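The domain 'G-protein coupled receptors family 1 profile' feature in TrEMBL is assigned to 41-290. Among the features that TrEMBL reports, transmembrane segment is placed at 26-48, 60-82, 102-123, 144-168, 197-221, 242-261, 273-292.
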Amino acid sequence: MAWGRSQNLSTFILLGFPGPRGLQTWLFLLFLVAYVLTVAGNLAIISLVGAHRRLQTPMYFFLCNLSFLEIWFTTACVPKALATFASHSGAISLAGCAAQMYFVFSLGCTEYFLLAAMAYDRYLAICLPLRYGSTMTPGLSARLALGSWLCGFSAITVPAALIARLSFCRSHVINHFFCDIAPWIVLSCSDTRGVELAAFGIAFCVILGSCFVTLLSYAYIAATIIRIPSARGRHRAFSTCSSHLTVVLIWYGSTIFLHVRTSVESSLDLTKAVTVLNTVVTPVLNPFIYTLRNKDVREALRRSVQRK
């Protein structure tokens, strides 16, 4: 950021959600409960898959990657938000703000690619069941997961590099509960059009690319399920991908609004509110979606409880 050209703005203040002390207390409790449930729920899924041989398949390998990602995604922003609610200061260093921004958006991009890989896995399992075992090998699963992580952490490097060239000389108050790109760069006294365009382009390409793979996979899945003659067979086929489809709809619904927009200076308060959905609510819902809607996970959980 020409970090040295930041004109004494070495520390920023995260505004969070301004309001009376009672509101801050309720928000602290809400975020804390959501964070604890997110970490505990996703760790439980990883433990279940590791402890039950029946769950050690490509689908659950991807689910473990998603659970691991969700833990770190929410950890990248929620603990700092809790500190802001508790201390009412929200101070964060320039380097800390940059690191938080990078990890939040890298993990967010990774989730897009990982959800697309999971959609492809479900396509192979439902549309090409006889070839599934020979196609979706452990090696391919590992490469798809690794590729998702690498692409996710590479995608944000261009906007991050452009932000690193900005100078900050305006207010040091960031209108958010974490260092989001939009409310951060509006504080810059440099020309931010390049950053806005790069961020929009990366978001558009990541979302469009992963969405294309996901929609195409589910188009083939839907066509295959419709051709299954028995209602029981159709229900069984759909049940294997219903959890993933639910997560996809929740994730895409919130993040498309957040990232595919051309101006960062409009509706920052609305953006902040919607961000709570995909940084706090969605990560805590995913473990429940996969356990309540997945027969194999429910059975593994039941056996684990009975052993105790």
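Note that Cβ sites are derived from N, Cα and C of the backbone, with glycine treated the same way.
Just so you know, TrEMBL annotations never went through curation; they're auto-generated.
Stretch with the most C-beta contacts under 8 angstroms to the transmembrane segment (273-292), considering only 60-82, 102-123, 197-221: 60-82. Contact between the transmembrane segment (144-168) and the transmembrane segment (26-48) is not supported, since fewer than 3 Cβ pairs fall under 8 Å when only residues 6 or more apart in sequence are counted. Within the model, the domain 'G-protein coupled receptors family 1 profile' (41-290) shows a mean pLDDT value of 86, rounded to a whole number. Residues 14, 16, 28, 31-32, 34-35, 38-39, 42-43, 45-46, 49-50, 92, 100, 103-104, 107-108, 110-111, 114-115, 117-118, 121, 138, 141-142, 144-145, 148-149, 177-178, 247, 279-280, 283-284, 286-287, 290, 296 of the same chain, all 6+ positions outside the transmembrane segment (60-82), place their C-beta atoms under 8 angstroms from a C-beta of that stretch.
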